[in-house]
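Below: the structure, in structure tokens.
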Ligand SMILES: Nc1ccnc(=O)[nH]1
């Protein structure tokens with residue numbers, strides 16, 4: 001007899017309160033943050049033209065996939081990691097869940113740390129505290145991390161409702177401050193100088209390198225999409241508005257980060273992605289308080305999304321855990337993790353290593369669950385089977401080895417392609433590895449189904 005392994009409840013129709021603008025705000029708010037400025041600064045190493053082309057290409061591809069994943073949540077009312085049960089197996093979905101838990105706590109910590117660096121710069125200017133990186137400089141950073149963590153607790157305190165509120169209020173403030181910030185940045189630099197600038201020596205990045213960094217950065221949101229879209233009423237909110245929001249937030253902020261970094265490199269003669277933060281420029285103009293607010297608000301809206309995704313992943317792993325306590329738990333863990341980069345000599349190295357790891361794992365994982373839902377099972381997931389031992393999604397002992405093998409293959413392919421200059425330096429390894437994984441899983445899963453029906 002089939003047995004339940006735990007409850008997974010689709011969001012009830014009356015609890016579906018998120019409209020078009022909520023989803024637009026959520027995804028603009030997700031990408032409108034210091035981390036995106038920073039990544040703009042990182043890809044500046046490819047030069048202005050290559051970097052901005054890579055930005056558009058990687059953004060459009062990744063967020064089409066985001067829209068598809070988001071549609072899955074809208075249709076089923078289920079969170080993202082529960083939706084990996086039919087593809088990876090009722091037990092197998094534990095693996096994507098752990099990765100989501102780690103990566104979203106990691107993102108929250110990374111964003112917090114980047115914000116804390118900026119906060120420490122501002123404290124230096126406002127209060128004369130030593131700067132981060134100089135003796136005694138950790139004080140501003142630690143206070144910054146604590147400020148951010150308190151705001152995170154506030155934003156997730158009521159679960160999904162408070163997250164929605166923070167996105168609604170946050171986005172208006174983000175818009176106002178950042179339009180103004182953009183004006184400040186572009187007043188300071190000439191476009192022709194920016195286009196002409198090239199990074200020196202070992203910093204140089206190829207177009208493939210930029211696409212891989214950006215793919216990891218963008219795809220990391222795809223596994224959070226359904227955690228929000230399950231609360232949507234209309235399909236458009238889940239698909240079109242999520243796609244647009246994520247792209248607007250990405251392009252806007254990464255371009256500012258890109259331009260600000262290049263501008264600072266031209267002025268100072270040295271390239272440093274840490275200069276991507278326009279609030280540093282604002283502080284130089286004596287607008288420290290405003291800069292502080294921009295950083296704090298933008299990071300809070302982004303981390304609300306990260307913490308929601310991490311908390312939702314935790315509820316897929318421990319069925320008795322409700323969303324709100326799960327959110328509290330992951331927020332406290334994220335606070336602790338935020339201190340880790342203090343022990344790395346350069347934050348950039350840690351951040352790139354982190355991004356590399358996610359791109360490698362997430363790309364093929366996303367390929368598998370999208371192919372499963374749209375091609376193998378033709379948008380027909382049965383909510384009653386999600387918890388069943390020996391049910392439709394049980395496979396062998398709860399694991400779908402075809403999905404897991406395809407995933408492992410995708411990771412291996414990514415590694416292989418990274419060492420092939422023809423791919424790694426041109427279009428990048430991530431999307432190619434995903435396409436190959438999709439094909440392999442499509443073949444393996446189709447064979448499986450035909451054998452069963454014969
Ligand atoms: N690009 C990102 C993906 C996921 N989380 C983030 O904070 N940022």
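For all residues, glycine too, the Cβ spot is worked out from N, Cα and C.
According to TrEMBL, the transmembrane segment annotation covers 37-66, 101-121, 141-159, 171-197, 209-229, 241-266, 286-305, 326-344, 350-376, 397-417, 423-444.
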#### Entry: Long-range Cβ neighbours of the transmembrane segment (141-159) (under 8 Å; 6 or more residues past either end)
108, 112-113, 115-120, 123, 132, 165-166, 296, 299-300, 303-304, 307-308, 311, 323-324, 327-328, 331, 334-335, 338-339, 342
### Message
Please determine whether the transmembrane segment (101-121) and the transmembrane segment (241-266) are in contact (criterion: at least three Cβ-Cβ distances under 8 Å, sequence separation 6 or more).
### Response
no
### Summary
Counting only residues at least 6 beyond its ends, the same-chain positions whose CB falls under 8 A of a CB in the transmembrane segment (209-229) are 18, 23, 26-27, 30-31, 35-36, 39, 42-43, 45-46, 50-51, 54-55, 57-59, 61-63, 65-67, 69-74, 76, 78-81, 83, 96, 100, 103-104, 107, 237-238, 242, 246, 250, 305-306, 308-309, 312, 352, 355-356, 358-360, 362-363, 365-366, 418, 424-425, 427-431
### Task
Count the CB pairs under 8 A between the transmembrane segment (241-266) and each of 37-66, 171-197, 326-344, 350-376, 423-444, then give me the winner.
37-66
### Query
Among the recorded stretches 37-66, 171-197, 350-376, 423-444, which has the greatest number of Cβ pairs closer than 8 Å to the transmembrane segment (326-344)?
350-376
### Task
Please give the sequence-distant neighbours of the transmembrane segment (350-376): residues at least 6 beyond its ends with Cβ less than 8 Å from one of its Cβ atoms.
38, 42, 65, 68-69, 72, 83-84, 86-88, 96, 99, 103, 106, 110, 212-213, 215-217, 219-220, 222-223, 340-341, 344, 403, 406-407, 409-411, 413-415, 430-431, 433-435, 437-438, 441-442, 445-446, 449
